[in-house]
Structure formats: C-alpha cells, structure tokens
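Here's the structure we're looking at; comments come further down.
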Amino acid sequence: MACSATTQPLLNFELSHSHQPKRPYSLPLCSFIKKPRLSPKPFFSQSKDYTKINIFSSPSLFSRQKPGSHVAAQSGYSSGEEAESLLPDSAYQEPFSWSSVIFPFLFPALGGLLFGYDIGATSGATISLQSPELSGTTWFNLSAIQLGLVVSGSLYGALLGSLLVYPIADSLGRRRELLIAALLYVLGGVLTAFAPGLSVLLVGRLLYGLGIGLAMHGAPLYIAETCPSQIRGTLISLKELFIVLGILLGYFVGSFQINAVGGWRYMYGCSAPVALLMGLGMWSLPPSPRWLILRAVQGKGSLQELKEKAILALSKLRGQAPGDAASEKQIEDTLISVKSAYMEQESEGNILEVFQGPSLKAFIIGGGLVLFQQITGQPSVLYYAGPILQSAGFSAAADATRLSVVVGLFKLLMTWIAVAKVDDLGRRPLLIGGVGGIALSLFLLCAYYKFLGEFPYVAVAALLLYISFGPISWLMVSEIFPLRTRGKGISLAVLTNFGSNAIVTFAFSPLKELLGAENLFLLFGGIALISLLFVALYVPETKGLSLEEIESKILKKHG
C-alpha cells in the first residue's frame, strides 16, 4: 500500500512516504514513523529496510494543490486492513524542544513590543512634554505642528525604514535585520531621553522609527521561518499580542513617571534596556535556515557551505545535537523543494504584478484593511489617549495616565480573545465586531464633546469600546497574497500601514484644532462605517483554508 503524510516542518513542503511491505501491517502508524533514524539522503536509493522519499512526485512547498493525506489501496489489501494503517495529517509532529522554541520567538517579538511601547509611552509623554512645571525644558510650549512631529516622528522613521529595507531585506537576512533594528531602537531611545532640544528629540524619534520599520518586517518572517509548523499560527498571532502588551507597558511607565520633572525622558528612555536585551538575544540566535537555503539556491554563496549552516541552524533551533539526522534530512528535502520551485518559476513577481489579477484583489483586501485600520483614527486615539482623557474631564495628569492603563488592559484582553478565537469564530465575524465597536466608540466620543460633557465616564467607555482590528487584519495580510507576489505584497501593505498611520497621527492634533474634537470624531466615525461596509462586502472568510485554497478558490475565482 502507499501512504502519504502531509508535513510542514520548515517550509510548508510535503513528503510522500511510500512503503510496500510483503504483508499488511496492523499498526496504527505507517512504518516510516517507527524508524529511529532516517537516512539523510533516502531519495537517492532505497533498500528494503528504509523508506523511499519521493519528493518530486509529491506537492512541493510552492504547490498549489490542497495539502492532505492520500491513501491508495492496492490489490490484496482489505479495506479494514488499510483503515488501520492510515496516518492522519495531524499525526506527524515535528520534534522540537519547548525550551529551544521560546527564545527564537521571544527576541524577535520584543521588536513588536518596543513598537507598542512607543505608542503607549507617547500618550503620557505628550502630557509631560507640554507641561510648564513637569517638562523640565524651556521649549515646552509646542505648537500643534511640533507636537504632531514629536508623536508621528517614529512613524515617519518606520515608513522610511520599510522603504529602505524593501530592496535589501534578502541580502541582509532576518537575523541581521533584527540586530540592526535593536541597535536603532537603543540609539533612538537614548537620544530621545537625553535630547537637549526639539531638533535632537525629533532625530531620536526618527531613529527609533527606523528600528520599528525593520523590526516589523523582520520579526514575523524570522518567527514564521524558524518555529515548528504545528505552533506557527499561534506564535505569529502572539507576536501581535506583544505589540498590545508594549502599549500597556508604555501606559504603565507613563502613569508612574507623569508627576516627575522631565518624566517624558524616562518614558522614552525605558525602551533602551529592552532593545539591548533584544539585540543580545538576536546575536545568540542562528540565522533562519530557510533564508540560508534560499541564498544557496539563488547562487549567493557556496551551496555546500550554506547547506551545512542551515543544518546546524535548524539543529540549534530544535534543541537537537549539531547536525542531527532529522535536521539534515529536513534541509535536504527543503533544498530539493526550493530548487524545484525555482525551476517551475522562471522569475519572481515584479512590482507591477502586485497590481494585476489575483494579486490586485489580494492587495485591495489586505491593503484596504490596514488602510482603514489607520484612517479610522485608531492609532491617533491610542497615541493621544492621555490628552483625550484630560480634555474629557480628568484634568489631573495622573488620573488621565491611570485611565490610559485601564484602556490598555482592555485592549490587551480583547486582542487575546481575538487571538484565541480566530480559528473558531473566523476572520469576518471578529473584523465586523471590531470595526462596529470602533464606529460606536467614535460616535460616543463625538456625542460626549457635543452634549454629554457632564458625563466624563462616557469618554472612558468610548475608549474602552475602541476595539482595534487587532491581529486579524495582519493575519489576513499574511495569508491573502499569492505565493508569487507574497513578499512584495506584504511589503506594500506595511508601507500602506505606516504611511497612512504617520499622516493620520500627524494630522490629528491640527485637525482637532481646526474642526473641533466633536467634528473630528464624527469624521472618523463616518470613515469607520465605510470600513464596516468594506469588510462586510469585500473581505472573504479564510478560516480553515490552506494558502493554496485561498489563492485558487478566493483570488482566482473572480481575479
């Protein structure tokens, strides 16, 4: 009989294990699972004692076929005997050590936490920096434009970082990209904390933002390419949760330092030790094995040397002995799969291909989600949570920052629920609920400033209702693009995100002065209703679909 098990150990490729015993086995697992050690190169020869790996006849990493188990009965086997030997997809579990998984996730995820921390810390820093008594400076009287530059300076840096890393990301590699991001985080945090004037402060904000741009590109790639397949989805979603945790930590530090003279310096400076930890952690980690294999296939170095480095890297990531047989076999199989894919695809998708056919539909969905996430004012409300609460009646800086912590805790809770339930409830229900909550929150804020001024807790309730799109929009971005244009499509989505984020955050304070708070929140509320319509009419449900099915059933159906 023939038994095929779908496995996704490193690169989402599939292995077809064929074994023809002289008589049927009654074991519940196929015989190849029982072998303690597999030959590193079983696809070149077959003996009666070892499994034959037929990588070419099985769907490769880049196959658009639906992953699954395929069992073909041969003559002489009863259906009962065959049923006993089936291996379900979930039966193969890539061996790994939990202790070895923690750090390859944690240190890249700190890059996301530092991004979130900047959002939370800025909320308190804007109050401290403008206070004649607490700023500790002679230049505390900032105009709306200057305040907008302080708040959005890191976002402009993130936008610039995303643009700079776009053409050189594959040359740098994920690990080096995150090391540079950590260095920029440290420099930006220290420079901002010790800034003698506004111009130096803005330079520090820009450097910190460059770190954000590199970290937000490199972290999800490193985590996705190095973690075991059976926990990949959970870890990528948890990386988004780290951003929210960072926002909460920023609110906490702001609440503790709000009454200190020059408290804004501590709020921004506290990021430096965390960034240093991130840098030291990334230095201790190996490069992504997948990136090493891609470099080998692209002819960017010695094939044998890069392959050996990839084997050692994977062994370290799985907590195995250096060069263990399982890691060697995985790298061999992956190398063949990637070589096969490069032969099938003569060239990579160019930049214009993102705006054609199925890729265009994917960009409208993914880019539309991150665009609406920003232009509903979501980042601005988080950055300006402290000042909003001050204007809502909690005039004491300490009261405003403590309530910001409550807002951060609630956001953390809602994001955790989204992470835990996304595969049960689906993407669309969580998106519709989240966008609906944003719209209601914005209309409540508008009502408070118009005619509910006597009830300041209406503003608190509105901020608590301000449930973000959470990790769902970025999950959709990561899975909606076709393989051929996935890298460039995600890069464009990141650029769309940071570009619109920087514009909205910069414009928030001047628009608030020009239109008044009530009309500004009414405008954002109207945009939120449009985004709700966009999600309801255009965003598909991808729950339970493989990436290949998303491409064939959703994108190409109407592409």
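Cβ coordinates come from backbone N, Cα and C, glycine included.
Please treat TrEMBL annotations as automatic predictions, because they have not gone through curation.
For reference, TrEMBL has these:
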{"type": "TRANSMEM", "residues": "101-119", "note": "transmembrane segment"}
{"type": "DOMAIN", "residues": "104-543", "note": "domain 'Major facilitator superfamily (MFS) profile'"}
{"type": "TRANSMEM", "residues": "139-166", "note": "transmembrane segment"}
{"type": "TRANSMEM", "residues": "178-200", "note": "transmembrane segment"}
{"type": "TRANSMEM", "residues": "206-224", "note": "transmembrane segment"}
{"type": "TRANSMEM", "residues": "236-254", "note": "transmembrane segment"}
{"type": "TRANSMEM", "residues": "266-285", "note": "transmembrane segment"}
{"type": "TRANSMEM", "residues": "430-451", "note": "transmembrane segment"}
{"type": "TRANSMEM", "residues": "457-477", "note": "transmembrane segment"}
{"type": "TRANSMEM", "residues": "489-508", "note": "transmembrane segment"}
{"type": "TRANSMEM", "residues": "520-539", "note": "transmembrane segment"}
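By the Cβ criterion (under 8 Å, sequence separation of 6 or more), the transmembrane segment (266-285) is in contact with the transmembrane segment (236-254), since 3+ such pairs are found. On the 0 to 100 pLDDT scale, the model's mean across the domain 'Major facilitator superfamily (MFS) profile' (104-543) is 84.
Scored on C-beta pairs under 8 angstroms, the neighbour of the transmembrane segment (520-539) with the top count among 139-166, 178-200, 236-254, 430-451, 489-508 is 430-451.
Between the transmembrane segment (489-508) and the transmembrane segment (139-166) there are 3 or more Cβ pairs closer than 8 Å, counting only residues 6 or more apart in sequence, so the two stretches are in contact.
The stretches the transmembrane segment (178-200) and the transmembrane segment (101-119) are in mutual contact, each linked to the other by at least three Cβ pairs under 8 Å (pairs 6 or more apart in sequence). When each of 101-119, 139-166, 236-254 is checked for Cβ pairs under 8 Å to the transmembrane segment (206-224), 139-166 comes out on top.
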